[in-house]
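These features come from TrEMBL:
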DOMAIN    A:12-424  domain 'TRAP C4-dicarboxylate transport system permease DctM subunit'
TRANSMEM  A:6-39  transmembrane segment
TRANSMEM  A:60-80  transmembrane segment
TRANSMEM  A:100-129  transmembrane segment
TRANSMEM  A:141-165  transmembrane segment
TRANSMEM  A:177-200  transmembrane segment
TRANSMEM  A:221-242  transmembrane segment
TRANSMEM  A:248-266  transmembrane segment
TRANSMEM  A:278-299  transmembrane segment
TRANSMEM  A:311-333  transmembrane segment
TRANSMEM  A:340-357  transmembrane segment
TRANSMEM  A:363-387  transmembrane segment
TRANSMEM  A:408-428  transmembrane segment
Amino acid sequence: MDRDLVALLGFLGMFALMALRVPIGIAMGIAGVAGFAGLSGLKPGLNLLANVPLSVVTDYNLSVIPMFILMGAFASRSGMSTELFAAGRAWLGHLRGGLAMASVAACAGFAAINGSSVATAATMAQVALPEMRRAGYHPGLSAGLVAAGGTLGIMIPPSVILVLYGIMTETDITRLFAAGLIPGLLAVAFYFGVVQFIGWRRPDVMPRGQAHGWRERLASLRSLWAVLLLFVFVLGGIYGGLFTVEEAAGIGAAGTLLIGLARGRLGWAGIRAALIDTLRVSSAIMMIVIGAFLFGYFLTITQFTQKAVGFLVGLPIGPYGVLALIMLGYFVLGAIMDELAMILLTVPIVFPAMMQLGFDPVWFGVIIVMAVTFGMICPPVGINVFVINSIARDITLGRIYRGTMPFIAVDLVRLVILCAFPAISLWLPGLIR
Amino acid sequence: MRRLLSAAETVAALFLLLIALLTAGNVLLRDVFSVQIPDWYDGSRMLQGIALFWGLALATCYGSHICVDIVWEHLRPRGRRALDVAATAVTLAFLAPLAWMVWVKVGSTGTQGTMDLRLPLVNFYAVAAVGMTVAAVLAAVRLVLLLRGREALLEPPALDAPAAPKASDGP
Amino acid sequence: QDKPVELKFAHWLPANHSLARNGFEPWAKSVEAASKGSIKVVFFPSQQLGKAADHYDMARDGIADVTWANPGYQAGRFPLIAAGELPFLVAKPGPGSAALDAWYRRYAGTEMKDVKFCFAHLHVGTLHAKKPITEPGQLKGMKIRSSNGTNAQFMTLLGATNVQVSAPEARDALEKGVADAISFPWGSILSFGIDKAVKYHTDMRLYASDFAWVVNKGWYDKLGASQKKVIDDHCSNEWAAKVGAAWGDDEDSGQAKLEKAAGHTIVKLTPAQLDAWKKAAEPLYGQWVQGVDKAGANGKQALAELRKELDARKAGN
Ligand code: NA
Ligand code: NA
């Protein structure tokens, strides 16, 4: 059979299985194995199952996924997320949209000590969302804000998505981490702007809170030492040459546990809950990684990957035209499928094309994170929105999606700015060398 | 059985903690005392593989894999049940040969060992393979319970830890 | 006329790597020409079909038809061919590869029985550090990125600690100080940009890495008679020597480039210093003999035979 046709059938089969609500990783795995068997024979297809899954789960590079998630789980179980929000409220609470800005700031702070956007959104949905609602904030808007704020988890280092991108493309992960910091802070500024704008147009949906005295404010900062220490130690250790990025994840998790124990905030129950949370999330992620590898090997032998790269590079619309087309593609894909699967499947095609068109690999890592960001908060399938909906059951999906709209709008603006001025992403990594 | 699963989950989760401690301990010893923990690297890899395969087994049991709900959420309860049955059957059809092939891999590992202590990998792989076998079995169990309308038996046990303290509790 | 077939060749190097250009491609062109185009080689570089450590199994399993495998990535699985990794055993990569290949052919049928063994080759490398290294005792307490398992065991034996990073990450690890030294082939120090991080290169044959080209049996069995002959002719000791020399000499030419490069020092050893290194490496030879004995062959005898093959080609150290 014609290989292009087989590749097409593989994609169709995969999407059909996904629509049947077969787990995403398993849908990709079945399509990959079946396609490989169709082209190379049943035995080689089955043999993929002998090596690939075990090879993926025993890859030490991928330990950053469970470890950066575990770091966040320990941090939230030991109350660091609460402290972040409390500090934000003490300083910003009395302003227009104060609690909303406090939530964004807490998202950014929590993002600095964990690598996952879903974990950031879930944590802040438990810590910040109830407080905003109690203060009379619009529920949908508050939930939308937390969904968007959650995406900071993968933009501000450490970041699981940037690590995966770095592994897949052999791009220096330390430079990728540095590249995400300023775009992440830019997002904070833009989200503050959205809050101010809404608060100005509709003061009723974002009431002011009471002012906190200076003593309270300073006290709130004192409790942040743990977060600051972790962030500085983990990133400082990476850049100062104490350990590798992969090691940093394990060290960050162990360090967070140690601080939690030292402050008397973590008992066996809390530790066990954090560990099991992490196991559940990482296993679900790893199934997708396994599926993506199986499907990826299938795509490779159809030689679809190579052809698609050639096609993209050959388009007569200039490098930025191709970039715009790719981002549009991500927008559509991200709306309907899981972001991790999307990245794992597309980067092998898109990355070589972007490099041949002369774009910077580190800068493109930041752009990939933006693509993931949209997928996580855009309807109809946005994982952050689902996670928040599962925690705050009474806020419907539709209301949360409407709440994310203003933030998606400024994210679009931010994407254009990051494309127009690569220096925003590349200045900081440039200082390292 | 629930007790057994819960215990397995706790052990697999503890493996993750062990990875963090091995990594941190090794870096500390390396940077401060210039010594290393033998096989911390391969040891972490094996612990991770075992933990994640067992984690997959539990995700299969609890039905907590990441799925696309785009069709499912527009269906009535009967349609949803039909879709769940079909998806679980497909999952079983994937996990059963996967578990089988992981055992084939175990059989072909031979004398391969860890880098430092040359501990035979076949032992670690076998424990992971048991996890994948449990995953396939649990997919079958889930399918049977779904068909009988009793899948509620497989709800994951709640974590008995107090949630994080409320923001209003303190500064 | 044989039915045209495709030969899927998988490896984990970048497509423009020295070995890909000087080893894989000439071999593929020669196969295509000798088969009059009835065998078409398609390359899958950069781990496109599987992880580096899985390449032996990929040929066995039919994921690819021919793969380039590093048996040392699976410690303990192929105890005999691990001889190629022994420190200070081989000096010249071309004739050294020929010797290793000629010697290993006796054992390949049992040790690599689930594939069709094509040929084996090796390259040789040394230690590159931030300070001059002349004696084995200096390694105590140093953090080293090792090239393979045997080399890592040697470093541990000398009191050094091993830092685990991939080759592309190695430069970063050295620049930041996560690692103090690296064992690496000469030319790759330049091609990976590691010359920016380490300035002292000890002139010795510290380690070797060996590689095997392996063929899927089912794929080979289905070939026509003349196609089989083409593959047999290209799975020869001559090709082992050719590929070993093409890559190994290219790597070794890096030494002259580094010697000329500003700020770089080639650290020479006195005969006494070299003896100290060789003495320090002796336990590894003992371990290898033990491992081979356990696998059911005669380790001492096998080592003597390998040395004979090396001496016959003046490839020893
Ligand atoms: Na982060
Ligand atoms: Na999405």
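In case you wondered, yes, glycine gets a Cβ from its N, Cα and C as well.
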Check your understanding: Can you name the far-off residues of the same chain, 6+ from the ends of the transmembrane segment (A:100-129), with a Cβ under 8 Å from a Cβ of it?
Key -> 64-65, 68-69, 71-73, 75-76, 80-82, 84-85, 87-89, 91-93, 137, 141-143, 145-147, 149-161, 163, 184-185, 188, 191-192, 195, 199, 206, 224, 227, 230-231, 234, 249, 252, 256, 281, 372-373, 376, 383-384, 387-388, 391-392
Review point. Taking residues 6+ outside the transmembrane segment (A:221-242), which of them lie with a CB under 8 Å of any CB in it?
Key: 71, 75, 78, 80, 83-84, 86-87, 109, 112-113, 157-158, 174, 177-178, 248, 251-252, 255-256, 259, 263, 432
Check your understanding: Looking at the transmembrane segment (A:311-333) and the transmembrane segment (A:363-387), are there 3+ C-beta pairs under 8 A, with each pair at least 6 apart in sequence?
Key -> yes
Check your understanding: For the transmembrane segment (A:177-200), what are the same-chain contacts with Cβ under 8 Å, counting residues 6+ beyond its ends?
Key -> 96-97, 100-101, 104-105, 108, 111, 141, 145, 148-149, 151-152, 154-159, 162, 206, 235, 238-239, 245, 362-363, 365-366, 369-370, 406-407, 409-411, 413-414, 417-418, 424-429, 431-432
Practice item. State, in range form, which of A:60-80, A:141-165, A:278-299, A:363-387, A:408-428 has the highest count of Cβ pairs under 8 Å to the transmembrane segment (A:6-39). Key: A:278-299
Revision key, fill the gap. Spatial neighbours of the transmembrane segment (A:408-428) not adjacent in sequence (6+ beyond its ends, CB under 8 Å) are 148, 151, 178-183, 186-187, 190-191, 193-194, 320, 323, 327, 360, 362-363, 366-367, 370, 373-374, 377-378
Study note, to complete from the structure: Quick tally over A:60-80, A:278-299, A:363-387 of CB pairs under 8 Å to the transmembrane segment (A:340-357) gives the top stretch as A:278-299
Practice item. Could you give the residue numbers and ranges of same-chain residues that sit at least 6 residues beyond the transmembrane segment (A:278-299) on either side and whose C-beta is under 8 angstroms from one of its C-beta atoms? Key: 7, 10, 14, 23-29, 31-33, 35-36, 39, 48-49, 52-53, 56-57, 62, 65-66, 69-70, 73, 116, 118-119, 305, 338, 340-341, 344-345, 348
Study note, to complete from the structure: Restricted to the domain 'TRAP C4-dicarboxylate transport system permease DctM subunit' (A:12-424), the mean pLDDT of the model is 93
